[in-house]
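Novice: Structure provided below as structure tokens; questions to follow.
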Amino acid sequence: MGNDAQQGPDRGIEIRPITHEELADWDRAIALGFMRPHVAPATEWRELLYEPGRMLGAFDRGGPATGGRARCVATFRSFDTELTVPGGAQLPVDAVTAVTVNATHRRRGLLSGMMRHDLTAARERGAAAAILIAAEHNIYGRFGFGPAVPLAGWRVDVLRSGGVRAGLPVHEGHRIDFATLEEFRKHGPELHERWRPTQPGAIGRPEAWWRLRAGEIDLPGFDWKQGFTAFHRTADGTLTGMINYTVDDKWDGAYPDCPLTVRDFLALDRETANALWTFAFSVDWVRHVVAPYLGPGDRLPLLLADPRGAKPHEESADFTWLRLLDLPAAFAARRYEAPGRLVLDVTDRAGWTAGRWVLEAAPDGTGRITPTDDPADLALDVSRLGSLYLGGGSAAVLADAALLTELTPGAAVRADTLLRTARAPWNPDGF
Ligand SMILES: CC(=O)SCCNC(=O)CCNC(=O)[C@H](O)C(C)(C)COP(=O)(O)OP(=O)(O)OC[C@H]1O[C@@H](n2cnc3c(N)ncnc32)[C@H](O)[C@@H]1OP(=O)(O)O
């Protein structure tokens, strides 16, 4: 990226990385942008996350209100992480967060300017894709992002569901034990590192993630509650799973009606998941098990004696959005469950991935995408390709909804055979 500071679309507004000294101004701008009262600065948290060049601000050089001093009116942060792709490889990606524009400065192109700045730099750093959690559906498609990893949580009425079926396979001799906060901090990260290659869509959890969840950081607005962590171990003592939940003290007259809310659920195999769900449904006083952060492939309802006892959680939504930045790197990193060949005509407003590409998958599960002059089978925007990349989306569904165009008959179904995976992508982590 040539010049670090860019002139914004508005005269007098400059988009650039903030300095360390500007953290407090940036923090105030985020509170304004997210429409939260700025009761106390999130100093400790911002200090922890500060990386030179990765927190952007739009600075209004001011008018009479600031006495001529530039004031931060928009914010944007990104950090590097890895995204697990089908097959278990970890793709280097740019994770975008803390996007705000003060209400006084909206719809003047500030988000567009910050996005251009960040994604240009991400490509130069070698990120194959960018990801974000979209606040609203209609913001990010124009920047090439498509919904790629939804959340599909459940709210289960324990009595109606009859609980988890007896006799599900579990590890013989397994144990479930409560963990102390110290044990959560010590063993949680190591377990997550072993879990995430098994789950396409999963991302890394930085040290700050664990510190916040362990209550070690004071972040105004983050309502930390200790909760309960239980570890699952096999008979030889190997840690293979973890559940973290809270229980609200709620009574219906003389009867306990305490909802158990699952905040984190990691299981390295099916037997561990079965044992942890059986445990969650066995806790006394609990009449509802609420699991908002599960993925669309989760088997929870099918484990219940009566699956109708599970209702979709109301916060389920398109959650993680993905923007492909480097097609050859991204499509070589993932694995394919069926061989095939498909020519794609990709449009991209930024131009980075635009063109005619041939995607080929070999019988051994490897694949690649390369430029071609062959006639195209499918025409689609890069945002739609982002929705298909992790194996969860469906080209046939997008074609029916007129969100991509079939140029040869049956091409969308062929795309699904090539790209879809048996294991749906899942990312439980907001960021
Ligand atoms: C990853 C995250 O952090 S998600 C959190 C996002 N932040 C929020 O939702 C906080 C409240 N909202 C805001 O701060 C701002 O309104 C933002 C960040 C969503 C948009 O910022 P702006 O600077 O107004 O966007 P900008 O002017 O660059 O708009 C670019 C285009 O997107 C459109 N757009 C922007 N926001 C929205 C929206 N919420 N819904 C629909 N379209 C939108 C604009 O109309 C414009 O369209 P055009 O190119 O056709 O003219």
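Glycine is no exception: its Cβ is also placed from the backbone N, Cα and C atoms.
Automatic prediction, not curation, is the source of TrEMBL annotations.
These numbers come from a predicted model, not from an experiment.
Okay, so TrEMBL annotates it like this:
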type	residues	note
ACT_SITE	Tyr140	active site, proton donor
ACT_SITE	Phe431	active site, proton acceptor
BINDING	Val99, Thr100, Val101, Arg107, Arg108, Gly109, Leu110, Leu111, Ser112	acetyl-CoA binding site
DOMAIN	13-171	domain 'N-acetyltransferase'
Novice: For the recorded positions Ser112, Tyr140, Phe431, which sit with their CB under 6 angstroms from an atom of ligand 1?
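Specialist: Going through Ser112, Tyr140, Phe431 in sequence order, those close to ligand 1 turn out to be Ser112.
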Novice: To the nearest whole angstrom, state the Cα distance for the pair the residue listed as 'active site, proton donor' and Val101 (acetyl-CoA binding site).
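Specialist: That comes out at 14 Å between the alpha carbons.
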Novice: Using Cα coordinates, what distance in whole Å links Leu110 (acetyl-CoA binding site) and Phe431 (active site, proton acceptor)?
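Specialist: With the alpha carbons as reference points, the distance is 21 Å.
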Novice: If you count other CB atoms within 10 A of each CB, which of Tyr140, Phe431 wins among these active-site residues?
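Specialist: By the 10 Å Cβ neighbour count, Tyr140 comes out on top.
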Novice: Whole-number Å distance between the CA of Ser112 (acetyl-CoA binding site) and the CA of Phe431 (active site, proton acceptor)?
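Specialist: Distance (Cα to Cα, whole Å): 20 Å.
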Novice: On the three-state reduction of DSSP, what should I expect for Ser112 (acetyl-CoA binding site)?
Specialist: helix
Novice: For Val101 (acetyl-CoA binding site), just count the other CB atoms lying within 10 A of its CB, please.
Specialist: 21
Novice: The residue listed as 'active site, proton acceptor': which of the binding-site residues Val99, Val101, Arg108 is the nearest Cα neighbour?
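Specialist: Nearest listed residue in space: Val99.
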Novice: Near the acetyl-CoA site, what residues other than Val99, Thr100, Val101, Arg107, Arg108, Gly109, Leu110, Leu111, Ser112 in the same chain have a C-beta no further than 8 Å from the centroid of the listed C-beta atoms?
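Specialist: Close Cβ neighbours, site residues excluded: Ala58, Ala74, His105, Arg106, Gly113, Met114.
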Novice: As a test of the contact definition, list every same-chain residue at least 6 positions from Val99 (acetyl-CoA binding site) whose Cβ is closer than 8 Å to its Cβ.
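Specialist: Once residues fewer than 6 apart are set aside, Val99 (acetyl-CoA binding site) is near Gly33, Thr75, Phe76, Leu111, Met114, Leu132, Ala135.
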Novice: What count of other C-beta atoms do you get within 10 angstroms of the C-beta of Ser112 (acetyl-CoA binding site), across all chains shown?
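Specialist: Neighbour count, Cβ to Cβ under the 10 Å cut-off: 15.
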